[in-house]
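Annotated features, as they stand in TrEMBL:
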- 7-29: transmembrane segment (TRANSMEM)
- 49-71: transmembrane segment (TRANSMEM)
- 83-101: transmembrane segment (TRANSMEM)
- 121-141: transmembrane segment (TRANSMEM)
- 153-176: transmembrane segment (TRANSMEM)
């Protein structure tokens, strides 16, 4: 039963991860993929895959939210657990809002500044929430290696690399306009790293038993909060 439950959580997590990195799905649609554009620009109504990308954003967020009760049971009680859960909730809420309130169509930005701002802030909250959850999980499960998931540190490092790549590309584009392709590729790389953390959350969720046994129980001792 435990193996089946872990398999279910992992399947949900992998599905959510693929749907979050939905530019991979756009590659399957006939026609060129616009690598130099932010994925948000591909979700503007009228684009060939706007409906698909926005729908997958929402479904991914809902699938991640469905893992939260199990993640909560799996983690030791601590303020850092609250940060993990709050970060994931912010990721989902921000992602759903950004999918609903898309960027304005090209040429209408000046007429829809508020819409543009709301979308950008929602996206920032979404990404920031997921990054915060990864960092908080690593802090929460600090301690001897044998008493924490062996993959956790690597997953957090991957998320950090993705953030560094995206921030670095933003700086490059600000200094040298015309490097949109670099920015587009960096954003997609960051999406892949966050997808990796979505799978990590699913693995954490799989630690939870129906009555709340978590990684500390599985490791045979209390994990430092």
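Residue numbers in this text run from 1 along the chain shown.
Cβ atoms are placed via backbone N, Cα and C, with glycine included.
Remote same-chain residues near the transmembrane segment (7-29) are listed as 39, 42, 48-49, 52-53, 56-57, 59-60, 63-64, 66-67, 70, 95, 188, 191-192, 194-196, 198-203, 205-206 (criterion: CB distance under 8 Å, separation of at least six residues from the stretch ends). When Cβ-Cβ distances below 8 Å are used as the criterion, the transmembrane segment (83-101) is approached by residues 20, 40, 43, 54-55, 57-58, 60-62, 64-65, 67-68, 71-72, 75, 115, 118-119, 122-134, 136-137, 140, 201 of the same chain, each at least six residues removed from its ends.
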